[in-house]
Structures are given as structure tokens and as C-alpha cells.
Amino acid sequence: MASSALIRFFLFASLLFSASFFEIYAEEAEAKEFVVTLDNSNFSDVVSKHNFIVVEFYAPWCGHCKNLAPEYEKAASVLSSHDPPITLAKVDANEESNRELATQFEIRGFPTIKILRNGGKSSQDYKGPRDADGIVDYLKKQSGPASAEIKSAEDANNLIKNVFIVGIFPKFSGEEFDSFNALAEKLRSDYDFGHTLDAKLLPRGETSVSGPVVRLFKPFDEQFVDFKDFDPAKLEKFIEASSIPIVTEFNNDPSNHVYLSKFFSSSNDKAMLFLNYTTDAADSLKSKYREVAEQYKGEGISFLIGDSESSQAALNYFGLKEDQVPVLLVQKNDRFKYVKFNVEADQIAPWVKDYMNGNVPQFIKSEPIPESNNEPVKVVVADSIQDVVYKSGKNVLLEFYSPWCGHCKKLAPTLDEVAVSYESDPDVIIAKFDATANDIADGDFEVQGYPTLYFRSASGKLVEYNGDRSKEDIINFIETNRDKTAEADTKPEDTESKPKESKPDSEAKDEL
Ligand SMILES: *[C@@H]1O[C@H](CO)[C@@H](O)[C@H](O)[C@H]1NC(C)=O
Ligand SMILES: *[C@@H]1O[C@H](CO)[C@@H](O)[C@H](O)[C@H]1NC(C)=O
């Protein structure tokens, strides 16, 4: 690219000319943006011309986007002189005219970075680091072949780090080889792959293996494990199951982060044991737990262990208290929860067995149902949500909130006013639900941040409220969505409301 040649020239010139001369031009060189701006008018045109292009979807108000910008720009400048050059682009997804692009790429949060290949025919999430060096390394790897050939022991040493998957083949062709490559391409943003003709080059290599076989290296448990079935679905499942530790440790060691995120993003049921590591019982709890984890390997359940001393945040998240530790719980589908408080080492195996057999009842955390509930905004808890929201036959506006959420506090007086104005209407209930002290056991409510407002009409129609948080708009919304009685039907349609364009979630909601 001409621009990078220019920079190299200035770098060279800096040796020849005075410092000030160089600085002037260096500034100019810096003023050039390497990140390409795209919008709906030229997106497809530009993308279709690239075999590999990276696109950041951002919003001007998003803080993480602002932090990323200089790093992304720096990476773009470095990668512009990569061979072949790698283009980094950005799209302001907040811009009305670009919304369609954001929808097309299913952008749910900012920033989201996509890697587009083959002129945009395939797209993949960017899952790399957010600093310039990290972005450069990750993208260099992503733009190369999905699986790197291992030709020497040195190659093997350089490549095989953390979890690494190697295909060992007698020749680089055939069904197994193709199947391996296709899977490497599919999973390349999550795993690193290599292939070789010579198993001896690999760490702990043996001469007897000639393949075809897939060997997954990992820095934990049995260190490596082989798999000989090249059926794509089975191979993918094997990789997913083998690349997380038998028991994932809950801590904030950065090198452990990748395993934690795998644990939490897995679709498996998630068993978690929190215990005080410094008590006498710790060792036997740990070893019994590990035995159970080994026993259920590959059966759709993953295991995590954490020291209650350093897992306060997790305990709070699950609403658990010190005196309930050691506590064993299973989270299923992010919604159903099963809990054994004050578990003893010998109870772990039978309890997990009961759970696997469907014999442990679901645990739903609830505050007590309030004895008096006389404020305008009614208090709903997990144990009363059925009665108040589902079976009352009323129109209910329900706020899911957390006690420390700023946006919730701001909304509270408005919600009070709305409730006061409905006090004489027996068909409408305005209610609130402390989602930190109560489990949302019902699948109907999708709560990703606080506050989240849902309206359930008397006949059971459920709508999330995303409008302006003003008394007028909320009342209009209730009037629009409530089940109208014969009398209400005759009302003029002046209450019809079009919710204003809602602000993006991350701005108007506190994170969970
Ligand atoms: C795409 O269009 C926008 C707005 O017209 C412009 O700012 C941007 O530079 C264009 N990008 C390219 C690569 O042409
Ligand atoms: C953990 O156990 C130790 C030793 O029994 C005790 O001193 C400590 O307070 C315990 N920590 C918690 C969080 O219970």
C-alpha cells in the first residue's frame, strides 16, 4: 500500500533530516486513518472486494468502543503493511441508515467485531484481545490457513500452547483430512489447529502413531487425548468436551480466564461447588467432587469449584450465604437451579446421581411473601409471581429491578406516580420484583439488565416495555396493551402510543 511505503520512507528520512522535519510529517502520517469507514452506501461494495476484512460495529456513545478505537487504529496501521494487507473497517451501527446492516449481522452489543471472508460470504465473530498487539496477532492468525502445517519439532514447540488440536495424517488428502480442515475452518476463532505427517515431531511424540488421528493437547488433566472418529459432529463434540478441564477452577488468574469463559458459555448443565479451602473438610470434598466429575465426563454436565473466600461475587450472584457453604449447585439452561446446602463429601456422588436422574427438585430463591403490600407499587416475590401476575386475571406492569441499580432508582418515583394513577382501577396492577433476591423461574421473562419492564395483559399477552421512562408514555403503553373492557373500547383512540425509539440497553440499563 502506498501509505505504508510512505511511512517507511519517513522513518528512513528521519535518519537523514532533522528531528523537527520528521515530526511534522510523522504527525501528518498519524492523522491518516487506517481504519476504513463504511456505511450502508458502500458496505457491500467494499466488502465484496475483500477476501478477508474485519468490521467493527460501534456506537458513538459506547465507552468500550472509545477504549478500543486507538488500539484498533494502531492495529489497522500495522496490518496495512502485512502481506497481503489486512483491512480493518468500522460501521457506526447507531446511525439510522446503518441499522439494517446491524440487523443483518445480528449485532446485540457494542463493540462487535466481525471477520468477513470470501467477499462477505461468510462471517465469524472476532474473539481475540482488544489491545493493538493482541489484535494484530489474532488477525494474522485468522487470515492465514485455519490449520498450520507442523514440519519440524520447532514448529510444534512454537505452535502448541494451551489447548491445541493436531491432525496426524499419513498423507494430506482424503476424507479424514478434508473433514479435519473443514472443522478447523469452522472452529478457527475458538481453537488453534495444526496438521502433520509425523507424530514424532509432537511433544511426548511416539513413533507408533501414523493416523489419521486427532490429538488434542491441553495444559491440564491428562495433557493430551486422541480421537479417531472424523465425523464432523462427533469430532466437534470431542473437541468441545476435551478442551475444558474436568473441574474448572473459579479464580481470577488470567490464564484461567479462557476455561472459565468456556465453562460459562457451554450449553452443558453446570455443577458448581463452593467451599472454604482452608477448612479440614476441603480435601475430601475436592477429591470426591473430582471423582464425580470424572464419572460424568461427556454426559452433558460440567464441573466448577471455587473457594468461598474468593468467590464472594459468585455467591452473591447465586444468592448464597456463608453459612450455607459448602454448597453444591447445578445451573441448567441458565434458569433452573438445583442446590444442596452444607454438602458433605460423601453426599456429593449420591446427590449428583439424583440430579442426573431427575430426582432433585428445582430450587427457586424467594423472599417471603410480604404480609402487607399496601404501597401503590406492589411487591412481587418468586413465591407470589404466579398468583399476582399469572392467575390474578389483571393487567400487570412488572418491573424487574435490583436494589443498587441507578436507573431503577431513577424510575422508582415515576413508577409510583403511574401506580397512584391506577389505584382506583381494579384491573391494573403496577408491581416490582427484586431480581437479586428472587429467582425468575419463569421462561417468559427475559431479563438482561435492570430495570426491565414487562406488561402482561389480563388475557396473557406479554410485551416488554422499551419506551421512554416517563409517566405519560408508560400509561399510554398500558392503555394500548391492556385488555379493553366494552367500556374502554368506546374510548377515543387518543391513548394510542408509539413508543419512542428506545435507548440502547447498555445506556438505559444497569448491567446484571
Ligand atoms: C463510505 O461512505 C461514507 C459516507 O458516504 C464515507 O464517509 C466513507 O469514506 C466511504 N467509505 C469508503 C471506503 O468509500
Ligand atoms: C474459612 O475457614 C477458616 C478456618 O476454619 C476460617 O478462619 C475462615 O473464617 C473461613 N472463611 C469463611 C469465609 O468462612
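Heads up, the Cβ atoms here are built off N, Cα and C, so glycines get one too.
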Of the candidates Cys65, Cys405, the one sharing a disulfide with Cys408 in TrEMBL: Cys405
Nonlocal neighbours by CB distance (under 8 Å) for Cys65 (disulfide bond), same chain, sequence gap 6 or more: Glu56, Tyr58, Ala59, Phe110, Pro111
Counts by DSSP class (helix H/G/I, strand E/B, coil) across the domain 'Thioredoxin' (354-483): 39 helix, 27 strand, 64 coil
Mapped DSSP class for Cys65 (disulfide bond), helix or strand or coil: helix
